[in-house]
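These come from Swiss-Prot:
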BINDING   40, 42, 44, 46, 51  Ca(2+) 1 binding site
BINDING   128, 130, 132, 139  Ca(2+) 2 binding site
BINDING   166, 168, 170, 172, 177  Ca(2+) 3 binding site
DOMAIN    27-62  domain 'EF-hand 1'
DOMAIN    115-150  domain 'EF-hand 2'
DOMAIN    153-188  domain 'EF-hand 3'
């Protein structure tokens, strides 16, 4: 309430949600590619409206079919059965702009290492579920399971994934190891 006793209206932030758009283009493209691949159930390179509806239902975000068609239909090219990855990126960008405003373009070189570091830390925290500063095989397995990835079924496979980036051989991934791994990822088509 303000001084006159009137309840203040909540203000909506126009900044992008850090969970919706990452500042680091490579991380954002990688995340979008993973989401695209999960939504594309049959692996044909297109997300149909049925696949989109199923994915949203699985996430607990059931969408009205007519509303989904109205929102997504304009991004499906003529003659295509569904969204290709580029179309999916355009839809994601348009939704982000509509919900949070357009991304402010920065001068080349101005986007500092602070932004990249912040994105890396945010991504690390997704995996470090207990907040102890390390990603254990159990934590990685839990995240892979939430993403519906088949690697989550076998703990030995998950432990091998950990070993591939665990430079100090302590059986878990610290932030430095995570950062090196993420910086070594090449995103094709990004």
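Glycine residues also receive a Cβ, built from the backbone N, Cα and C atoms like all the rest.
Keep in mind that what you see is a predicted model, and the values were worked out from it rather than measured.
Positions of the features from Swiss-Prot, shown on the structure.
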residue	record	contacts (Cβ under 8 Å, 6+ apart)
40	Ca(2+) 1 binding site	46, 47, 51
42	Ca(2+) 1 binding site	51
44	Ca(2+) 1 binding site	81
130	Ca(2+) 2 binding site	139
132	Ca(2+) 2 binding site	none
172	Ca(2+) 3 binding site	134, 135, 136, 137, 162, 166
177	Ca(2+) 3 binding site	165, 166, 167, 168
| field | Cβ-centroid neighbourhood (8 Å) of the Ca(2+) 2 site, 128, 130, 132, 139 excluded | value | 127, 129, 131, 133, 134, 135, 136
| remark: Note on Ca(2+) 1: the CB centroid of 40, 42, 44, 46, 51 has further same-chain residues inside 8 Å, namely 39, 41, 43, 45, 47, 48, 81, 82
| query | Within 10 Å of the Cβ of residue 128 (Ca(2+) 2 binding site), how many other Cβ atoms are there? | reply | 22
| message | I'd like the Cβ neighbour count for residue 166 (Ca(2+) 3 binding site), meaning other Cβ atoms within 10 Å of its Cβ, all protein chains included. | response | 19
| request: Pop the Cα-Cα gap between residue 128 (Ca(2+) 2 binding site) and residue 170 (Ca(2+) 3 binding site) into the table, whole Å please. | output: 15
| query | Which of 51, 139, 168 has the fewest nearby Cβ atoms, counting only those within 10 Å, among these binding-site residues? | reply | 168
| message | For 46, 170, listed as binding-site residues, tell me which one has the smallest number of other Cβ atoms within 10 Å. | response | 170
